[in-house]
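Per TrEMBL, the features are as follows:
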- 19-30: compositional bias 'Polar residues' (COMPBIAS)
- 35-45: compositional bias 'Pro residues' (COMPBIAS)
- 67-125: domain 'LIM zinc-binding' (DOMAIN)
- 126-185: domain 'LIM zinc-binding' (DOMAIN)
- 186-245: domain 'LIM zinc-binding' (DOMAIN)
- 1-49: region 'Disordered' (REGION)
Amino acid sequence: MTKGPPAIQGRVPKAGLITPSSGIKGNGSASVPRGPVPTRPLPQPHPKDEDTLVQMAEHIPAGFRTPMCAHCNMVIRGPFLVALGKSWHKEEFNCTHCRKSLADIGFVEEQGTVYCEHCYEDFLAPTCSRCQDKILGEVINALKQTWHVHCFLCATCQQPIRNNTFHLEEGAPYCEQDFYSMFGTSCHGCEFPVEAGDKFLEALGYTWHDNCFVCAVCCITLEGQTFFSKKDKPLCKKHAHTLKI
C-alpha cells in the first residue's frame, strides 16, 4: 500500500488515502506525462492542386437543334457554344469585365457571372497565404487566411491538412495525430487522447478521463471519491486491501 503526502497543519493522512484533482481539458499543450499514440503512416508526396475553377466552353456544330441563347434570348441558328449548362451565340459569350471572347479560352464562373482567367485572377481570386500565388482551384479557409490545398500543411509531417481537424500550437497548425503525439495527453485508463473539452482527473501521477478512473477490481467510478492505491492502480475502500491485483 502506498502512502499519501503529509497533510498540512501537522495532520497525517491515513495510509493510501488520496484525493485526485480534476478539471476540463483545454486547448493548450499539456505538461503531464504523455501516453502511447498510434503509429503514423509514412509521409506521402504533396498532392497537386488539380481541382481548378477554370472551365472551357464546348463548341456545338449547326444541326437540327436550335437552342435559345442565354445572353440575348434569341434562337441560335447555326454553330453555338455550351457552357454552364446553357447555350450561347459564339460572339456573345464574353468576359464580364474585359469583354474578351470566351469561346476558345478558359473562363471562371463567379455567382452566375463569367470572367476570363486573367480578370478572375486580377480582381476576384484569393491569394494563398503561403506562396502568395492566386488560387484558381479549391480554397482552404483557415486562420482567417486562404491557402492552396497543397500549401496548408501540418508543421510536423508536412502533409496537407485539407478540411480535417487541426490544432494550433504557438501559431503553427498540426494535424490531430501529430498534435497529440507531441503535445497531447493520453488517458492512463484507455490510452486514448484527452481532448479539448474532455473532463479529466489527475491522480497517481497520470491523467485519466473522468469515466476511466475506476476501481481496478469492481470498476466502480472513483470520480470525486477518496480512494486507495496499490501498484499504481486505484482501489475503492471496499477493495483497498485486496491481495489479487
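Glycine is treated like the rest: Cβ placed from N, Cα and C.
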Model confidence over the domain 'LIM zinc-binding' (186-245), averaged pLDDT: 83
Residue counts (helix, strand, coil, in that order) that DSSP gives for the domain 'LIM zinc-binding' (186-245): 0 helix, 20 strand, 40 coil
